[in-house]
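What follows is a short report on a single structure.
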Amino acid sequence: MSFLPVTRGEALKRGWDELDIVFVTGDAYVDHPAFGVPLLARWLEFHGFRVGIIPQPDWRSCEPFMALGRPRLFFAVSSGAMDSMVAHYTPARKLRHDDAYTPGNRHGARPNRATIVYTSRLKEAYRDVPVVIGGIEASLRRFAHYDYWEDKVRRSLLLDAKADLLVHGMGERPILELARRVRTGEPFQAIADIRGTAVVLGRGAAPPAGVVELPPFEEVAADRHRYAEAFRLLSREQNPHCAHPLVQRHGDRTLLCNPPAYPLEEAELDSVYALPFQRAPHPSHGEPIPAYEQIRASVTTHRGCFGGCSFCAITHHQGKVIQSRSERSVLAEVERMAAMAWFRGSVSDVGGPTANMYGVHCGNTRGGHACRRESCLYPSPCRYLAVGGERGAALLRAVRGVRGVRNVAVSSGIRYDLMERQPAYFRELVAHHVGGLLKVAPEHMVARVTDLMRKPGKESFDRFLERFRRESARLGKKQYIIPYLMSGHPGCTLDDMVELALFLKRAGLRVEQVQDFTPTPGTLSTCMYHTGLDPFAGAPVHVPRGDREKRLQKALLLWHLPTERRNVLDALRACGRESVARELLGGAAGGGGGRSGSGFRPGRT
């Protein structure tokens with residue numbers, strides 16, 4: 001099986017003189033299941049549709065968008081694996097100089113607001129062909145939303161792009177149903193009821209019964225309290241089994257967002273990952289693609305995440321229901337990968353959004369179908385959560401046993417609070433899959449901040465460190481924790497960052513990289529950033545907005561770097577904590593210092 005066509009010549013080699021669906025994407029074409037557009041294109045091909053891909057077209061004219069001709073059914077547009085504004089700009093709104101999804105890691109292969117620009121060019125080229133938008137950019141901007149880069153509330157992307165339909169969440173079910181219905185002759189503009197899609201109703205059209213109406217665009221754009229109310233309402237409608245359709249008026253137009261698509265069953269997910277991917281970039285891409293190099297030896301075991309972290313949009317995109325592949329499916333993919341010429345024995349990752357959620361499910365099916373919690377872990381783990389861990393541990397053992405596999409890493413991150421209830425997975429992980437360094441993401445240690453983040457607190461982290469230390473010592477392994485920490489999150493003050501810096505110093509930990517909070521579309525944290533409110537409690541939240549405060553917060557986590565000493569002293573003066581300067585900036589603490597960039601040493605917690 002060959003790559004899907006990117007030119008008319010390649011389509012003709014398949015005997016296709018006309019395509020049914022043409023995808024346009026802001027990423028390079030990598031025929032691998034970790035890349036969304038190729039996955040959906042292969043899925044449609046499997047179901048009998050003729051599909052092509054136009055990767056990273058030059059948007060300065062409409063000609064590159066005509067490379068595969070006029071599709072019979074519709075165009076499908078995605079900005080790529082990332083929101084195009086997130087891909088282009090740093091948290092300080094400075095232009096990035098690289099792009100991991102582009103050959104040669106070059107910046108500039110896609111435009112800002114790629115979904116809008118691509119749709120505009122397609123309408124210029126083929127005005128009468130429907131355009132469907134999807135992917136992370138469209139999904140998380142489907143309602144009126146705060147845009148950090150313009151510092152204002154923008155309309156639904158469906159209206160701004162002037163597209164015909166928006167797919168939100170994982171797209172296999174909605175795009176297949178749409179394609180089948182259009183193929184049978186149903187008028188595109190009459191289709192407004194597919195789960196996992198949003199449409200703009202015709203002027204005067206009545207929304208379906210049972211909808212939840214969000215505050216209109218004009219109100220959320222002008223009133224932060226109405227914005228917070230809209231976020232609170234839509235957050236309750238993420239469970240596909242009990243969600244209502246949502247409507248939001250934009251002037252005289254009405255956005256109708258249908259409930260999320262139902263999760264794929266295990267057999268369906270297995271069939272997706274059994275599709276004939278080449279597991280390589282299209283030959284037209286002559287230079288290495290960093291994102292592919294990073295994931296080419298990885299295996300996705302499941303989708304979804306029920307952690308519900310405030311700054312993460314997975315719940316609003318993939319959903320909180322864990323959709324796990326069968327062990328047989330995962331092993332078959334590892335075997336195919338191990339047979340490839342480039343494979344050298346190392347599987348770089350076996351996981352998903354959160355590695356140790358594989359096989360975890362709700363033990364109360366009836367209650368789970370009516371549940372409106374965004375997080376199954378915060379403020380405390382749900383009593384119905386069937387966490388097990390044995391299935392995940394057994395899968396790791398089986399992957400290690402595949403012929404040709406010498407090393408297996410788990411690099412997609414873990415929830416250490418969940419792993420307290422997964423002894424089998426914990427033992428398997430520490431014994432065979434750490435490789436000396438284990439990445440975890442406590443993000444902060446001050447309770448007020450971790451509560452707003454919906455993360456476990458310091459006590460949970462301390463328990464995990466002690467457990468990790470004991471198990472590593474028992475195994476005779478020198479292994480370290482790499483904690484990922486965040487500055488500038490809503491609710492976090494300079495005083496909170498001083499406490500976090502002191503914790504790091506006393507623990508003998510030094511970090512070299514800090515994630516500065518970026519308000520990305522669709523998250524609870526972004527709602528708090530824009531409104532200065534907790535939308536669920538209604539309480540005011542401190543928001544670090546100015547460049548100075550953000551710079552000083554970040555500097556406190558890098559207290560050990562000589563280049564940050566002046567910023568650290570400025571931060572201590574700004575919050576009246578000069579008294580801790582000697583402890584923070586003086587000699588080593590924590591009994592022997594810290595290993596730069598490596599995290600905690602077992603035995604020195």
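Backbone N, Cα and C define each Cβ position, glycine as well.
Note that the coordinates shown come from a computational prediction; the quantities given were computed from them, not determined experimentally.
Pulled from Swiss-Prot, these are the features on record:
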BINDING   CYS305, CYS309, CYS312  [4Fe-4S] cluster binding site
COMPBIAS  587-597  compositional bias 'Gly residues'
DOMAIN    291-561  domain 'Radical SAM core'
REGION    586-605  region 'Disordered'
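Most Cβ neighbours within 10 Å, among the binding-site residues CYS305, CYS312: CYS305 holds that distinction in the structure as shown. For CYS309 ([4Fe-4S] cluster binding site), the same-chain residues that are 6 or more apart in sequence and have a Cβ closer than 8 Å to its Cβ are SER375, GLU443, MET453, ARG454, LYS455. In sequence order, GLY307, GLY308, PHE311, ALA313, ILE314, THR315, PRO353, THR354 are the same-chain residues whose CB sits within 8 A of the CB centroid of CYS305, CYS309, CYS312, the residues recorded for [4Fe-4S] cluster being left out. In this model, the domain 'Radical SAM core' (291-561) carries an average pLDDT of 95.
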